[in-house]
4 protein chains.
Amino acid sequence: MFKPLISALAQFTAATAGRNMTKAAYVAVTVGVLSMVLLTDNRARGARGWVDSLLWTCLAYFVFEWLVRLRHMRQQGRLSLYVSSSAGIVDAIGALAVPAALLLGVDPRTAWLLGVLWVLKVIPGIPGLRQLRRVLVLESGPLVSVLVIFLTVVFLASVAEYFLERDVQPQTFGSVPAALWWAVVTLTTTGYGDAVPVTPLGRMVAAAVMISGLGVFGLWTGILATGFAAETRRDNFLKTWESVSKVPFFAALGPAAIADVTHMLRTMELPARTMIIRKGAQGDCMYFIAAGEVEVELPGKKVQLGEGAFFGEMALLGNNKRGANVSTTKVSRLLVLDLVDFRVLMARHPDLAETIDAEARRRALENK
Amino acid sequence: MFKPLISALAQFTAATAGRNMTKAAYVAVTVGVLSMVLLTDNRARGARGWVDSLLWTCLAYFVFEWLVRLRHMRQQGRLSLYVSSSAGIVDAIGALAVPAALLLGVDPRTAWLLGVLWVLKVIPGIPGLRQLRRVLVLESGPLVSVLVIFLTVVFLASVAEYFLERDVQPQTFGSVPAALWWAVVTLTTTGYGDAVPVTPLGRMVAAAVMISGLGVFGLWTGILATGFAAETRRDNFLKTWESVSKVPFFAALGPAAIADVTHMLRTMELPARTMIIRKGAQGDCMYFIAAGEVEVELPGKKVQLGEGAFFGEMALLGNNKRGANVSTTKVSRLLVLDLVDFRVLMARHPDLAETIDAEARRRALENK
Amino acid sequence: MFKPLISALAQFTAATAGRNMTKAAYVAVTVGVLSMVLLTDNRARGARGWVDSLLWTCLAYFVFEWLVRLRHMRQQGRLSLYVSSSAGIVDAIGALAVPAALLLGVDPRTAWLLGVLWVLKVIPGIPGLRQLRRVLVLESGPLVSVLVIFLTVVFLASVAEYFLERDVQPQTFGSVPAALWWAVVTLTTTGYGDAVPVTPLGRMVAAAVMISGLGVFGLWTGILATGFAAETRRDNFLKTWESVSKVPFFAALGPAAIADVTHMLRTMELPARTMIIRKGAQGDCMYFIAAGEVEVELPGKKVQLGEGAFFGEMALLGNNKRGANVSTTKVSRLLVLDLVDFRVLMARHPDLAETIDAEARRRALENK
Amino acid sequence: MFKPLISALAQFTAATAGRNMTKAAYVAVTVGVLSMVLLTDNRARGARGWVDSLLWTCLAYFVFEWLVRLRHMRQQGRLSLYVSSSAGIVDAIGALAVPAALLLGVDPRTAWLLGVLWVLKVIPGIPGLRQLRRVLVLESGPLVSVLVIFLTVVFLASVAEYFLERDVQPQTFGSVPAALWWAVVTLTTTGYGDAVPVTPLGRMVAAAVMISGLGVFGLWTGILATGFAAETRRDNFLKTWESVSKVPFFAALGPAAIADVTHMLRTMELPARTMIIRKGAQGDCMYFIAAGEVEVELPGKKVQLGEGAFFGEMALLGNNKRGANVSTTKVSRLLVLDLVDFRVLMARHPDLAETIDAEARRRALENK
């Protein structure tokens with residue numbers, strides 16, 4: 001009964017062995033983790049058989065996917081690279097953790113808990129992850145400083161509270177580890193309320209710890225916000241640079257001006273048949289086509305614009321409303337020029353302004 | 001008895017059918033939601049009759065408003081646009097949700113709860129909403145990354161806690177869903193205290209989750225702060241650009257200088273008869289009139305200044321105190337030039353400085 | 001017995017009637033509020049007599065201060081301005097609230113609680129308050145938007161929870177007001193734990209509310225951080241501008257360059273006899289004297305430097321260590337030029353670099 | 001038995017008496033504090049003997065280290081400087097606090113708690129601490145303002161809650177100090193839940209306090225984020241400036257251009273034998289050698305590059321993949337030029353672009 005399913009999986013997986021995550025894998029992770037969660041819930045005991053078979057199916061899929069990838073990588077001579085990469089390790093864990101636990105005689109209900117590790121497969125597919133990691137790496141110095149300060153405050157506060165509260169509440173503050181628990185819960189402003197100082201001095205120390213908690217929050221956020229702002233600028237510049245130099249419209253500019261223009265543009269990747277501009281909507285940006293093709297729905301005819309063309313400038317020059325629907329016909333990469341930057345650019349480069357003006361006039365004439 | 005009320009409403013609503021929210025609608029939303037709240041409170045049982053009639057009045061108002069708008073839009077040929085717009089959907093929900101529930105036989109006390117959806121009518125009227133939405137859209141990539149990281153931590157932590165605490169606290173950690181609840185409450189640093197790990201290992205995992213909570217906060221805030229800073233600059237530039245090019249004072253400047261000036265100005269919309277400058281107050285900015293008119297109360301006479309004029313420059317040039325009261329006579333749009341930017345502008349454009357100086361001297365002479 | 005005290009107070013207050021807060025007022029506020037706190041604590045019942053007399057003394061001081069100020073303002077013809085100013089209102093409340101309550105027959109223990117309003121007297125003296133207020137005013141648009149979003153989420157969530165939990169927990173979720181309390185406690189991530197949803201659906205709604213709480217935090221902080229960054233730059237520029245144009249060293253620069261230099265400098269106000277530079281310390285900035293005088297302790301002699309002079313440049317040019325102790329002799333205002341900006345400034349203005357170099361050489365020779 | 005250990009310690013400590021923290025000191029702090037924690041835990045009672053001897057060993061180490069340092073500093077004539085420095089005070093406390101407590105007859109279990117002060121020895125070693133301290137000092141004005149606002153809200157709210165709740169909950173809101181505890185716990189959004197208002201008015205006040213808590217968070221973070229961003233830029237500029245002017249490649253640039261370039265570079269300190277570039281990886285930056293030496297693993301031979309050389313430019317110019325492994329041979333200081341800034345730099349300084357292009361062509365030829 002599983003044979004046709006497996007053969008279909010094999011084809012599908014083989015076709016996408018090089019990619020990080022297929023749609024099938026997303027489905028398998030979702031189904032697998034949900035089944036694992038249901039397995040622990042007594043209310044779902046009736047459906048135990050279904051849940052079990054779902055789990056085994058997911059596991060089979062992950063083992064299968066892993067084997068296909070191993071084979072694919074060996075054929076390409078990148079086996080050792082794959083095995084030692086983080087994706088390879090996550091794939092191996094996803095395929096082997098549960099079976100290994102079952103073979104070692106762990107109780108099945110506990111062994112299947114390892115299925116939660118399947119969620120790790122999702123992480124490499126997160127779009128902004130590289131950006132976040134770069135921020136954390138570049139700002140690791142100050143972040144570690146804040147962490148050390150955090151831990152120092154936790155240690156000093158917990159010893160102080162242990163000293164002040166141990167006689168009054170031997171249950172909750174009877175040892176420094178117990179007081180450490182209180183300190184972490186308090187300094188992160190979580191505040192469960194399972195351990196609360198009651199002596200006046202203990203409460204004063206606690207108040208100081210809570211206010212320090214705000215400070216730790218603030219420093220932490222400040223560091224990350226600073227790093228993130230720098231990283232966003234960098235990321236956008238990199239994505240846009242390549243495309244800009246390929247648009248003939250900008251080719252006349254010198255390299256310094258291109259760097260300048262790049263800072264103003266934003267790259268947008270669009271699938272085929274996506275509406276970009278809706279007739280009658282407010283217009284606040286214009287577009288350059290770096291790759292792909294768009295179709296403008298003029299009254300009575302449709303006009304195609306290819307790589308290097310621009311559109312959407314008329315709403316910026318004259319009336320604010322968009323004059324026609326525009327949508328992509330292929331997968332396209334567009335460069336977006338915001339209204340603000342449009343004006344600054346036109347002011348700095350009068351020759352570009354003239355080119356756009358001339359084209360807009362030509363189009364306006366044609367449309368009449 | 002309701003007839004004159006309804007007729008007045010009809011006139012009022014018809015007059016403002018094009019606007020998003022009339023003052024009457026704000027009143028109706030406030031009264032309606034408060035009545036709905038009171039309906040659920042046993043202490044207000046005595047006033048049940050009053051509350052009921054208030055609710056019915058509000059509902060009638062919303063149905064009426066919706067019908068007026070539908071008619072108005074059909075007359076303008078924008079019916080389908082309105083019906084599919086978010087405002088149209090909110091209006092339809094406000095008018096139909098409660099009656100539909102009552103017709104379907106839902107208990108009235110429950111049906112009226114749907115009146116809470118009336119608060120949605122307020123949202124399109126929020127001034128900074130477009131700005132906030134743009135930030136969320138532009139930064140959606142990194143925000144989703146942080147959310148995925150958040151959910152991954154929640155999943156891993158809850159399975160770990162379930163494993164570590166299930167034998168000690170079967171009530172609160174008896175299934176992964178229960179542990180998931182704990183994880184969300186902890187990672188958001190809410191910390192109700194209804195589920196608290198008690199084993200040493202469980203507490204270590206929990207401490208790690210709480211510290212990750214700070215990190216999630218920090219990343220989230222950093223992303224939003226970055227996006228917001230960029231959006232604020234853009235928004236202000238757009239609002240100011242149009243006005244600047246219409247002020248004759250700046251007309252002599254080239255387009256590059258106008259873009260430069262626009263970055264320094266801030267737009268301010270004022271109703272008629274508003275005091276702008278109070279005599280004797282500290283002066284830290286000057287004003288250009290983009291639209292409308294202001295009146296300067298000089299000793300013994302009142303002087304009107306119209307579009308294109310400027311005022312408030314004397315406190316920036318000489319003594320810091322304002323020399324006269326100034327207030328608007330009509331709805332006016334002013335461009336505000338801060339003291340800091342005034343100095344930078346004067347330094348960069350000596351010709352503007354001269355114009356302002358000459359005018360200030362002329363006025364000082366006149367006042368003596 | 002109080003007579004000499006009152007007469008001393010009268011002299012002191014009269015001398016400083018124009019200032020916002022005297023040191024005596026700070027003492028009175030601290031003593032008064034602490035006494036008020038003690039009055040409510042049963043452990044301090046023994047000292048009741050002392051506490052009462054302290055409270056009456058403080059009240060007498062505030063009444064006295066208020067009367068002195070009223071007289072002073074009337075003499076200066078600014079009585080109506082003072083009475084309607086926030087400082088005047090706070091002074092009036094501080095002087096009249098408690099006596100009025102006592103006269104109206106309120107129980108003394110309750111009446112004295114109004115003494116907490118004395119802390120309002122401290123607020124106008126906070127140094128950065130004007131800056132904070134400007135940020136809140138300028139960013140009020142987006143802040144109000146976030147607040148409206150916050151309240152909308154609170155309303156929708158509380159009605160949902162009331163609907164989902166009212167049958168299971170009639171005590172805590174028995175009415176919408178009760179559910180509103182839960183929603184505010186949750187959305188601010190306070191999480192007391194006195195009201196906690198227990199149904200699966202209720203918990204899902206609650207999890208969504210908590211995650212929204214993070215978003216509200218993030219938006220709020222992002223807005224404030226953006227506004228604050230702009231305000232800090234502005235504030236520093238304003239404080240520094242006046243001083244820069246008075247330092248002869250910068251007089252040779254054109255106005256554009258002065259605006260440029262102003263952005264690099266930071267103003268520092270110092271009392272007399274304050275150590276500015278300690279011999280042997282790391283040097284990372286140089287100083288210009290905008291007002292006042294400093295004394296350099298050279299080996300064997302002391303040299304005075306007056307307005308317009310600069311010092312501390314030698315550690316930036318050659319070795320990093322400070323060569324001598326420097327301290328103020330009078331109240332002084334210094335302009336601080338950071339090492340980073342020193343280098344940028346020297347690079348952009350070679351003539352300034354030469355002047356500083358020549359002076360540094362002359363001093364180095366002299367010291368040998 | 002301890003003799004050889006002590007003698008080894010003596011040698012080690014003597015060798016590093018000038019440095020802040022030796023590795024041995026880190027070990028001693030970790031062991032000492034963990035032992036102190038264990039001492040308070042009843043579960044570890046069996047190992048009491050071991051724990052005691054570990055504590056005495058650590059204490060002996062700290063006393064020993066302190067004496068060695070005192071002797072070292074006296075020899076260098078910096079004894080008084082050291083004793084009054086923060087490091088000297090921390091060392092003295094670490095060596096003397098526990099013995100002093102024991103001599104004063106304090107119970108040993110309590111006396112050893114003072115061992116927690118040993119963690120203070122770690123603080124001066126934190127890398128980013130100076131940066132954090134500068135931010136706190138420079139922004140102290142607004143931070144203090146926010147703190148005063150925080151305390152004002154705490155005072156007003158606690159008196160209001162005391163008034164509203166004292167009759168209903170005399171246990172938790174029976175005095176203003178008790179209400180103050182509630183206010184701090186609430187305003188920091190900790191929310192233990194040990195004191196919760198129950199009256200409707202009390203809850204309204206509490207809701208206002210919680211929302212103010214968000215505001216305090218936001219202001220605090222905004223201030224710190226602003227300060228941190230400025231400080232990061234400054235810190236990086238200072239670290240990089242020295243190195244840039246020593247790289248011959250940049251020597252041809254004028255001082256203004258060097259200041260410009262310095263803003264683009266980032267300094268990186270690397271130990272010997274560290275891999276910098278891995279063949280086949282994505283290349284997004286190039287490197288200049290400010291000090292030290294690197295080794296490039298070309299096919300069949302290894303090439304050394306010394307001070308002033310650059311590498312990694314080929315991945316930026318042509319294909320994106322790194323062409324060879326590169327690692328350090330000595331402790332090296334590299335200047336990193338990011339891809340973004342590389343392009344901006346090449347655009348602004350065409351002569352630099354030519355030099356790099358020529359070198360890249362020469363190398364490409366050589367490699368073929």
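Just so it is clear, glycine is given a Cβ too, placed from its N, Cα and C backbone atoms.
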Which range is transmembrane segment per TrEMBL? Of C:176-193, C:248-265, it is C:176-193
The correct DSSP tally for the domain 'Cyclic nucleotide-binding' (C:249-363) reads 41 helix, 41 strand, 33 coil
In the same chain, residues at least 6 away from the ends of the transmembrane segment (C:110-129) whose Cβ sits under 8 Å of its Cβ atoms read 20-21, 25-26, 28-29, 32-33, 35-36, 39-40, 55, 58-59, 62, 86-87, 90-91, 93-94, 97-98, 101-102
Does the transmembrane segment (C:79-104) come near the transmembrane segment (C:48-67), with 3+ Cβ pairs under 8 Å (pairs 6 or more apart)? yes
Restricted to the domain 'Cyclic nucleotide-binding' (C:249-363), the mean pLDDT of the model is 82
